[in-house]
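These come from TrEMBL:
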BINDING   Trp14, Arg33, Lys82, Ala114, Arg228, Val252, Glu254  NADPH binding site
DOMAIN    24-133  domain 'Glycerol-3-phosphate dehydrogenase NAD-dependent N-terminal'
BINDING   Lys82, Arg228, Asn229  substrate binding site
BINDING   Lys82, Gly110, Ser112, Lys164, Asp217, Ser227, Arg228, Asn229  sn-glycerol 3-phosphate binding site
BINDING   Ala114, Arg228  NAD(+) binding site
ACT_SITE  Lys164  active site, proton acceptor
Amino acid sequence: MAEKSIAVIGAGKWGQALHFALSQNQKCLITSRTKRDIKDFVDLQTALDCEYLVIAIPAQEIREWLQENFVFSGQKILVAAKGIEASTGEFLNEIYEEFVPSKNIGFISGPSFASEVIQALPAGIVINSKSKKLYEKFAPMFPRFLKTYYSDDVVGAEICGAYKNVIAIASGICQGLKLGNNARASLISRGLVEMQRFGKEFGAKKDSFLGLSGAGDLFLTASSELSRNFRVGLGLAGGKKLETILEELGEVAEGVKTSEAIFKLSKKYKIYTPIAKEVKLILDGKNPHDSLKDLLRS
Ligand SMILES: NC(=O)c1ccc[n+]([C@@H]2O[C@H](COP(=O)([O-])OP(=O)(O)OC[C@H]3O[C@@H](n4cnc5c(N)ncnc54)[C@H](O)[C@@H]3O)[C@@H](O)[C@H]2O)c1
Ligand SMILES: O=P(O)(O)OC[C@H](O)CO
């Protein structure tokens with residue numbers, strides 16, 4: 001293993017932005033399943049041989065990727081994805097724990113549009129890990145324009161990052177239906193309460209929902225057309241088919257599959273999650289106006 005070397009795995013929007021950020025203080029490699037003509041691009045094995053890895057592969061694809069490509073040999077890893085696996089309802093930390101010991105892994109959360117990070121605009125992010133030592137190793141690798149905070153609330157951060165994508169879809173629908181600013185503020189704040197209620201069931205800490213990982217990322221994503229999830233909502237409100245919306249987007253919108261996972265988990269553990277439920281039903285074809293009536297009634 002090449003000591004102190006770092007690589008980003010996954011060269012989508014977020015992988016490329018993180019590669020840019022991590023290249024400010026040291027050399028950083030990047031790899032992807034298809035060869036890309038970008039600086040520092042290497043083959044997968046060269047990346048896997050690095051001591052530090054940042055994995056930016058979407059939540060629905062990561063289990064298969066790990067099974068096919070990953071052998072743990074002491075690497076220290078940051079997970080950059082935000083989502084819950086729809087087929088199983090498992091959180092990313094549960095998927096990764098089969099492959100990596102918890103002291104070697106952390107999860108990035110907080111408000112961070114790739115398109116702004118890649119312009120070196122300032123933001124605060126959280127590195128969530130059971131190991132503070134891991135945080136201390138990664139933190140100096142980030143550039144000054146990204147202020148890093150530490151939290152040990154891995155499950156809380158994960159739920160914040162995944163759930164806010166679903167509320168962002170709802171908020172995009174709200175905007176697309178022209179329901180007004182009052183409605184959107186009501187939706188986002190009730191969304192935050194709902195996320196926290198859901199998180200409590202899995203041992204998440206309340207503070208995570210009030211900080212960068214929760215409120216910070218939710219307010220960002222649920223109020224900007226820079227968000228892919230928000231744009232999915234706009235498309236749904238405009239009567240477009242989900243297939244068409246995703247095709248036009250051409251990038252991942254994790255909230256789509258995460259809404260299925262939340263729906264399943266809420267049923268299993270009897271958690272009251274009305275907004276996520278309506279998002280799932282709209283994605284399945286329910287008329288958003290009927291969802292609005294049902295939300296106002298429930
Ligand atoms: N874009 C952002 O602003 C942002 C910010 C924070 C977190 N995230 C999260 O980061 C993750 C990735 O988002 P993105 O913006 O890079 O999406 P993207 O659609 O731009 O890129 C996804 C990348 O994943 C790769 N990929 C997909 N399936 C794969 C597989 N089976 N094996 C290997 N690679 C595969 C694709 O080749 C692509 O490079 C998502 O979970 C997203 O929620 C994104
Ligand atoms: O574009 P979105 O909706 O995937 O959101 C990107 C990030 O998660 C914002 O922090």
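All positions are counted from 1 along the displayed chain.
Just so it is clear, glycine is given a Cβ too, placed from its N, Cα and C backbone atoms.
Using a 10 Å Cβ-Cβ cutoff, Asp217 (sn-glycerol 3-phosphate binding site) registers 27 neighbours.
Using DSSP to sort the residues of the domain 'Glycerol-3-phosphate dehydrogenase NAD-dependent N-terminal' (24-133) gives these counts of helix, strand and coil: 27 helix, 29 strand, 54 coil. Between the C-alpha atoms of Glu254 (NADPH binding site) and Lys164 (sn-glycerol 3-phosphate binding site), the distance comes to 10 Å. Secondary structure at Trp14 (NADPH binding site), taken from DSSP and collapsed to helix, strand or coil, is helix. On a Cα basis, Lys164 (sn-glycerol 3-phosphate binding site) lies 15 Å away from Val252 (NADPH binding site). In sequence order, Leu249, Glu251, Val252, Ala253 constitute the residues six or more apart from Arg228 (NADPH binding site) in its chain with CB-CB distances below 8 Å.
Each of Asn165, Ala168, Thr221, Ser227, Val252, Ala253, Glu254, Gly255 belongs to the same chain as Lys82, Arg228, Asn229, is absent from that list, and has a C-beta within 8 angstroms of the C-beta centroid marking the substrate site. Listed in sequence order, Ala17, Ala123, Ile125, Leu146, Asp217 are the same-chain residues six or more apart from Ser112 (sn-glycerol 3-phosphate binding site) with CB atoms under 8 A from its CB.
Highlighted here would be the binding-site residues (Trp14, Arg33, Gly110, Ala114, Lys164, Val252) whose C-beta falls below 6 Å from ligand 2, but none qualifies.
A simple Cβ count within 10 Å picks out one of the binding-site residues Lys82, Lys164 as the most packed, and that one is Lys164. The sn-glycerol 3-phosphate site in the record is lined by Lys82, Gly110, Ser112, Lys164, Asp217, Ser227, Arg228, Asn229, and its two most distant CA atoms lie 16 Å apart. Residues distinguished by a CB atom under 6 angstroms from ligand 1 are absent from the binding-site residues Gly110, Lys164, Asp217, Ser227, Arg228, Asn229.
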